[in-house]
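The structure under discussion appears below in the form of structure tokens.
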Amino acid sequence: MAPNLRKSHPLLKMINNSLIDLPTPSNISAWWNFGSLLGICLLTQILTGLLLAMHYTADTTLAFSSVAHTCRNVQYGWLIRNLHANGASFFFICIYLHIGRGFYYGSYLYKETWNTGVILLLTLMATAFVGYVLPWGQMSFWGATVITNLFSAIPYIGQTLVEWAWGGFSVDNPTLTRFFALHFLLPFMITGLTTIHLTFLHESGSNNPLGITSNCDKIPFHPYFTLKDFLGFTLMLLPLTTLALFSPNLLGDPENFTPANPLITPPHIKPEWYFLFAYAILRSIPNKLGGVLALAASVLILFLAPFLHKAKQRTMTFRPISQLLFWILVTNLLILTWVGSQPVEHPFIIIGQLASITYFTILLILFPIIGALENKMLNY
């Protein structure tokens, strides 16, 4: 009998082992779809981004006009730009849901997979930040100024570091040029990290909603999960195209329709919605260095998740108190997101401070305590 090329060819057999004959737990739910959705997001962003880069000019005098030119004069340029801008939002929706899933079902116990995932999140955040600067509108410019300025809070080397990052004494042409270079480079770095992320995942195999070993009940990835993934793609690409075609500027800032002007500061400087939770935590501390540390901690805390797991059961499926705490955390993050979009005045300042304290308390103190408590409850 002739050997099956799919299983014998050196390259095809790697694809086969990770996409076709991969043994997959039969009970993974739709929450396990977000990994493949993130893959589609990455592919879409790289394709639309490449097409946009062909018409973009990374120069302070031309950047804004080149984006306007793309939208007006390039065939379907408006569509490519709208898909790229809103694709970023969907990328973050998917990654936040993916992280939430990992947290709920204890997927962080696969430490290598989890840690590469957190590094992927940080790289994605960096990519989105430098990308937001490129259209060179008011919010692009002032967002870049405010966020890069945070590095000056680092003792001793801070100011030097910021001027080195800027390539001058303020955000200007050198900054825009290097941000474009970085925005082009980072997605390929994300692609490489994704490969590592998947390699680690396939070492252990997927977790499942019950958090128990599923070796006794696995099914091939194709056709079952390929079909399920395609359904997921449809359900994500439909709202993305709807948003890009009907309300492309819904999630953007009106300030960005004004070209960057270093002499006029917008009344409310705020990042895109997906960074608002971290921005709210940054603003809630009335000290520059303290705020920067809290901002960093708000994301880096994810690295601690495996060490804060004290429960005997892996997932929260049968842990009602932890479930309640998890949903309080989700609500808390939504409150932080809302506060981050509001001006710095009376009710919002205290709400932001309370929500920030709650965020760290739940993750660092309450989750381990409740986990240990639920272990005790197993005895009764």
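Glycine too: its Cβ is placed from the backbone N, Cα and C atoms.
Keep in mind that this is a model prediction, so the values were computed, not measured.
Marked as transmembrane segment by Swiss-Prot on the basis of similarity to another entry: 34-54 (among others).
Residues annotated as transmembrane segment in Swiss-Prot: 78-99 (among others). Tertiary proximity for the transmembrane segment (78-99) is limited to same-chain residues at least six positions away from its ends with a CB under 8 Å from its CB atoms, namely 31, 34-35, 37-38, 41-42, 44-45, 48-49, 51-52, 67, 70-72, 117, 120-121, 124, 128, 131, 236, 239-241, 243-245, 248, 251-252, 272-274, 302.
What Swiss-Prot records for His84, His183 is heme b b562 binding site. Sequence-distant contacts (6 or more apart, same chain, Cβ under 8 Å) of His183 (heme b b562 binding site) comprise Gly49, Thr127, Val130, Gly131, Leu134. Under the three-state DSSP scheme, His183 (heme b b562 binding site) falls in the helix class.
Taken from Swiss-Prot, the feature heme b b566 binding site covers His98, His197, and the record attributes it to similarity to another entry. Taking Cβ-Cβ distances under 8 Å and a sequence separation of 6 or more, the neighbours of His197 (heme b b566 binding site) in its chain are Thr113, Thr116, Gly117, Leu120.
The transmembrane segment annotation in Swiss-Prot covers 114-134 (among others).
What Swiss-Prot records for 179-199 (among others) is transmembrane segment. With a threshold of 8 Å between CB atoms, the same-chain residues lying at least 6 positions outside the transmembrane segment (179-199) that come near it are 18, 38-39, 42, 45-46, 49, 53, 56, 58, 113, 116-117, 119-120, 123-124, 126-127, 130-131, 133-134, 144.
Around His202 (ubiquinone binding site), taking its Cβ as the centre, 14 other Cβ atoms fall within 10 Å, counting all chains. What Swiss-Prot lists as ubiquinone binding site is His202.
Residues 30, 33, 36-37, 40-41, 44, 79, 82-83, 86-87, 89-90, 94 of the same chain sit 6 or more residues outside the transmembrane segment (227-247) yet have a Cβ under 8 Å from a Cβ within it. Annotated transmembrane segment per Swiss-Prot: 227-247 (among others), in sequence order.
Long-range neighbours of the transmembrane segment (289-309) within the same chain, counting only residues 6 or more positions beyond its ends whose Cβ lies under 8 Å from a Cβ of the stretch, are 99, 103, 106, 108-109, 111, 114-115, 118, 121-122, 125, 150-151, 153-155, 277-279, 281-283, 356, 359-360, 363-364, 367-368, 371. What Swiss-Prot records for 289-309 (among others) is transmembrane segment.
Sequence annotations record features per position, and here Swiss-Prot assigns transmembrane segment to 321-341 (among others).
If you look up Swiss-Prot, you'll see 348-368 (among others) marked as transmembrane segment, on the strength of similarity to another entry.
When the Cα atoms are compared, His202 (ubiquinone binding site) and His84 (heme b b562 binding site) turn out to be 30 Å apart. Residues 56, 58, 63, 67, 88, 91-92, 95, 98-99, 102, 107-108, 140-141, 143-144, 147, 175-176, 179-180, 182-183, 186-187, 189-190, 193-194, 196-197, 200, 271-272, 274-275, 299-300, 302-303, 305-306 of the same chain lie 6 or more positions beyond the ends of the transmembrane segment (114-134) yet place their CB under 8 Å from a CB of it. Note on the transmembrane segment (321-341): residues 100, 103-104, 270-271, 273, 275-281, 283, 311, 348, 351-352, 355-356, 358-359, 362-363, 366-367, 370-371, 373-374 of its chain, located 6 or more positions outside it, place their CB under 8 angstroms from a CB of the stretch.
For His98 (heme b b566 binding site), the count of additional Cβ atoms within 10 Å of its Cβ stands at 21 [all protein chains shown].
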